[in-house]
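Enquirer: Sharing a structure with you now.
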C-alpha cells in the first residue's frame, strides 16, 4: 500500500539501461536461449502484469519469483534434488547462502531485492487468550523424530528455545496421506507447518518435480510467520504419515510462553531487595535486558577477585558458592537455588567479586544482566531511585485535531481535483497526480472492496490517523484531506516530484558517504518526530523515501505505522523481509527499537547498494537476520565509523540498540559518523541537499518511471460503512 508503489526496475546487465517490452516466453528465458534484449522484453511484460487490477499482494510476490528466476537470482536454483533423505533443510532443499562478499570493483548494478521483496506482508491475527491448545500424546520415538527434524532445520532451531520446541512437539497432530495425494498445493495460502514421519515426497514447482525428501523433514515453515502463498506443491510418492501444527496454535504457544517467561522474570527481579523499590514500568524495561545462559556442571560462572560486570538470577538448577581461606583454598560457603541471585554488586559498582560461583549438576541456567547495558538503557540504580520513572520525549504532546483537517485545503472537494497523470498503480489502487488552482497533489486512491477482502480496515485507518498527527514534520509527507465514495477512499497528500530514493540508488548503484549521511539524517529526524509521539513506523526502505524538488527526503506509506503507548509492545508481523528485526521474526513483541534496526539496514544499503541480509528465499533471509550483524563481512566501502553505527543499531537485543537507550535518539545524532552533519540546519532545511532534483514545472514527471497498468476498472460498490470517518 505504498503511496508510490515500487516497480521492478530490472537493469540490462551490461548497459544498466531499461529495455522495452515485447512478446517473449518464459521457456525461452529458462532454456538460456534468450539474448539480453529478449530478457528485457519478457521482464517488461511480466512487470506490467504485477500491477493488473486482479493482482493480490502475494500474487505480486509470486510474480517477483518468476522474474528473479529468469535472472538467476533465485527460482529453481534454490531447490536441489534431495537424494540424501536425511538432509535437514526442509521442503525447499536449498543451497547454503554464502556470507556476503565485498564487491567494490563490480560494474554490475546490484539487484535491490533478491526475491523482489514483499510489497506488503499481511499481518498475523493477534493471539487469542481463549484458544484451546490440545496436546497430543506421543511416544518417545515419535517425539525424538520431530525434535530431530526441528533441530536439523536451521530456521526453526534458531527460532525456538528448548522449552518452546517441546511445547510445539506436544501440540503437533498426526495426519495420513495416500500415495499420489497432495499435502500442499503451490500458490495456496499456507497456514500449517509439517514434519514428515514416514513416506517419501516430491517437491513440484510449475508442474515440474524439482526435489524430493523423506522422513524427519520440516516443510511449510514460512506459514508460522504469516499467511503467505505456498511456493511449491508437495506430493506423497508413497503412503505417508506427517505431523502438523497450525499457525494460530504455534503463535499461541509462542505468545503465551513469552508472556509466562516475562512474568516469571519480573517475579525474579522483584525478589531482589535492591530492585524491589523500582516501579513496574522500570522493571519491565529491565526484563528486556535479561539474557539466558546455560552452564555445564562445575563450570565457573563468576570467579573470586575478577571485576564484576554482570548480575545473575538462577532460572534453573543450583549453584555452589566458594570462597578462598587464608591458605588460598576454596571452601563452600553457600548454595543457592532457582529464584536466588548473586553478583548484585555489579549493578551498584565495579567492585571485584568476593567469591566464586560454580554450576551444580546436571547444569545451571541463569538470567544475566550486564552492568553497562543496564546503565546505558536506564541509568544507575541511585538515579532511578532519585527521580520518577524515565520520562521519554514521547510524552511531549503534539496538538492536532483528529476530527477535522485544519489547513488551507480543508474545503477542497473531490470534484475540484483534476487528474494530471498516474504516478503509480498497485493491487489496492493507484496514486494520481492531481491539480487544484495551479497546485499539484498526490491523490492516493484505494479500492474499498479490496480493503475488506484483505482485512486491512485497521491499517487504512491507522495510516490516516498517524499522518494527521505528523503534519507538522517537514520530513514526513503531509496529508491534507481524505475523501470517500461508494467505491474508493482517497488520501490527498503533498506531491514529492523528485521521485524516490530507490530510483536514484538504482541509477547510481550506491551513494557516496555525504549523500548517504544526508538521507539517513532525514530519516533520523522523521523517527525523532514519530517516536516522540509514540508512533512506530516499521516499513523503512529506500522505496518509502520520497524526494522533494529541493532534494530533501520525506517518509511515506504509513500502512504499517502504529501508535503504541509507552512501555507496551505489539506482535503484528509487518515489514519488508530484509528489513525486519529479529524480535518481529521471533514474535517476542516489539516497539520502536525495530525502527533503529531498520535504520542500520538502510545505512548499509545506501552505502553498498544492497542489504546485509540476503538469501534465496524469505526463510534464508530470516535465518541470516537471526544470525546477527556481527557475522556479516562489512564491505570496505563502508567507513569504519559507519560500520560501528550499523552494528550498534543492529544489536540483536533491542535494549542494546543505539537510539533505544536512556538518551534516546540523541545517541544516534551524536555518533561519530554524523560528526560533520549540522543537525540544526538539517532540521530547518537550511542544509543544501547533495541530491539535485530540479523540475521545469509542478507537473514535470521526469523522475517517475512507467506507472504500470492504470487501475481504471470499475470495482463494485462497498457500502458497509467501515469508512464513515473518511
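Positions of Cβ are set from backbone N, Cα and C atoms, glycine also.
Checked TrEMBL, it gives:
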- 156-271: domain 'Cyclic nucleotide-binding' (DOMAIN)
- 274-395: domain 'Cyclic nucleotide-binding' (DOMAIN)
- 417-674: domain 'Protein kinase' (DOMAIN)
- 423, 424, 425, 426, 427, 428, 429, 430, 431, 444: ATP binding site (BINDING)
- 539: active site, proton acceptor (ACT_SITE)
- 675-726: domain 'AGC-kinase C-terminal' (DOMAIN)
Enquirer: With every protein chain in view, how many other Cβ atoms are within 10 Å of the Cβ of residue 431 (ATP binding site)?
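Expert: Excluding its own Cβ, residue 431 (ATP binding site) sees 25 Cβ atoms within 10 Å.
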Enquirer: Reported as an integer number of Å, what is the Cα distance between the residue listed as 'active site, proton acceptor' and residue 429 (ATP binding site)?
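Expert: Spelling it out, the Cα of the residue listed as 'active site, proton acceptor' and the Cα of residue 429 (ATP binding site) are 19 Å apart.
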Enquirer: With every protein chain in view, how many other Cβ atoms are within 10 Å of the Cβ of residue 539 (active site, proton acceptor)?
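Expert: For residue 539 (active site, proton acceptor), the count of other Cβ atoms within 10 Å is 25.
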Enquirer: Mean pLDDT over the domain 'Cyclic nucleotide-binding' (156-271): what is the value?
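Expert: When the pLDDT values over the domain 'Cyclic nucleotide-binding' (156-271) are averaged, the result is 91.
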Enquirer: Please report the DSSP secondary structure of residue 423 (ATP binding site), reduced to three states.
Expert: strand
